[in-house]
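S.K.: Okay, so Swiss-Prot annotates it like this:
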BINDING   ASP73, ASN75, ASP77, ARG79, GLU84  Ca(2+) 1 binding site
BINDING   ASP109, ASP111, ASP113, TYR115, GLU120  Ca(2+) 2 binding site
BINDING   ASP157, ASN159, ASP161, LYS163, GLU168  Ca(2+) 3 binding site
DOMAIN    24-59  domain 'EF-hand 1'
DOMAIN    60-95  domain 'EF-hand 2'
DOMAIN    96-131  domain 'EF-hand 3'
DOMAIN    144-179  domain 'EF-hand 4'
LIPID     GLY2  N-myristoyl glycine
Amino acid sequence: MGKSNSKLKPEVVEELTRKTYFTEKEVQQWYKGFIKDCPSGQLDATGFQKIYKQFFPFGDPTKFATFVFNVFDENKDGRIEFSEFIQALSVTSRGTLDEKLRWAFKLYDLDNDGYITRNEMLDIVDAIYQMVGNTVELPEEENTPEKRVDRIFAMMDKNSDGKLTLQEFQEGSKADPSIVQALSLYDGLV
C-alpha cells in the first residue's frame with residue numbers, strides 16, 4: 001500500500017492540474033498529505049467531521065461538516081476521493097468569486113433542486129452558529145439563525161417567492177461586503 005499510493009500517476013496529476021488552480025507540485029504535495037491522513041485514499045463523513053472539530057474546538061461542527069462533505073462528495077458514494085477533495089479545495093481557496101458563490105450555492109441547496117429555500121438556508125446557518133459556538137459575538141439583528149436568514153432573504157429574494165435562484169444568491173452576496181469578505185476569509189479552510 002505505502003509505496004504504490006505515495007505518488008499519483010503523471011496523467012492523473014496532469015488532469016488535476018488542468019481541472020484546478022494548483023500546480024503539479026502542489027497537487028503532489030496535497031496528495032502526499034491526503035494519503036498520510038487517509039491511507040485508504042478516501043475520507044468518510046466521520047473523518048471529515050474530525051478534521052472540522054480541530055478547526056472549531058469550541059463549537060459543534062458536526063452538522064456543518066456533514067453539509068460540506070456532501071458537496072465535496074461529487075459522485076455521492078459516501079466517500080471523498082483525492083480528486084474530489086483537490087477540486088473542491090481549489091474552488092474554495094483559489095477560485096473566482098463567482099466560482100466560490102456557485103460552490104456555496106451548492107452547499108445551501110440541500111436537495112439540489114436549483115433553489116435555496118428559507119428552510120435550507122436556516123439548516124446551514126443554524127449549523128454555522130452551532131459550529132462557531134459562543135466564540136463570535138453577533139449583533140442583535142443577527143443573534144439567532146432565524147434573524148440572520150430573515151435578513152438574507154429580505155436582501156436577496158428580489159421576487160419574494162421564498163426561494164433564491166443562483167442569480168439572486170450571487171447578486172445578493174456580491175452586494176453584501178460581509179459575505180464577500182467571509183468567502184475570502186474562508187479560503188483554504190474548507
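Just so you know, glycine gets a Cβ as well, placed from its N, Cα and C.
Please go over these features one by one and say how buried each is and what sits next to it.
M.R.: Look at ARG79 (Ca(2+) 1 binding site): DSSP puts it in a strand.
Counting only same-chain residues at least 6 apart in sequence, those with a Cβ under 8 Å from the Cβ of GLU120 (Ca(2+) 2 binding site) are TYR108, ASP109, LEU110, ASP111.
According to DSSP, ASP161 (Ca(2+) 3 binding site) sits in a coil region rather than a helix or strand.
Distant neighbours of the domain 'EF-hand 1' (24-59): 1, 5-8, 13-14, 16-17, 65-66, 68-69, 72, 78-82, 85-86, 89, 130-135, 189; these residues of the same chain sit at least 6 beyond its ends, with a Cβ under 8 Å from one of its Cβ atoms.
A Cβ distance under 8 Å defines the sequence-distant neighbours of the domain 'EF-hand 2' (60-95), meaning residues of its chain 6+ beyond its ends; these are 8, 12, 16, 19-22, 27, 30-31, 34-35, 41-45, 48-49, 51-53, 103, 106-107, 110, 123-124, 126-128, 130-131, 133, 186-190.
Packing against the domain 'EF-hand 3' (96-131) from elsewhere in the chain are residues 52, 56, 59-65, 67-68, 71, 88, 144-146, 148-149, 152-153, 162-166, 169-170, 173-174, 180, 183, 186: each is 6 or more residues past its ends and has a CB under 8 Å from a CB in it.
Non-local neighbours of the domain 'EF-hand 4' (144-179) in the same chain are 97-98, 101-102, 104-105, 108, 114-118, 121-122, 125-126, 128-129, 138; each lies 6+ residues outside the stretch with a CB under 8 Å from one of its CB atoms.
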S.K.: Please list, in sequence order, every residue of the chain apart from ASP157, ASN159, ASP161, LYS163, GLU168 whose Cβ lies within 8 Å of the Cβ centroid of the Ca(2+) 3 site.
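M.R.: Apart from the listed residues, the neighbours are TYR115, MET156, LYS158, SER160, GLY162, LEU164, THR165.
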S.K.: Given the binding-site residues ASP77, ASP161, GLU168, and counting only Cβ atoms in the protein chains shown, which has the most within 10 Å of its Cβ?
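M.R.: Most Cβ neighbours within 10 Å: GLU168.
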S.K.: Could you list the residues of the same chain, at least six apart in sequence, whose Cβ is under 8 A from the Cβ of ASN75 (Ca(2+) 1 binding site)?
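M.R.: In sequence order, the residues whose Cβ lies under 8 Å from that of ASN75 (Ca(2+) 1 binding site) (at least 6 apart) are GLU84.
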S.K.: Using the Cβ center of ASP73, ASN75, ASP77, ARG79, GLU84 as the Ca(2+) 1 site position, which other residues in that chain lie within 8 Å, going by their Cβ?
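M.R.: After dropping the recorded site residues, what remains is GLN42, PHE72, GLU74, LYS76, GLY78, ILE80, GLU81.
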S.K.: Go ahead and report the DSSP secondary structure tallies for the domain 'EF-hand 1' (24-59): helix first, then strand, then coil.
M.R.: 25 helix, 3 strand, 8 coil
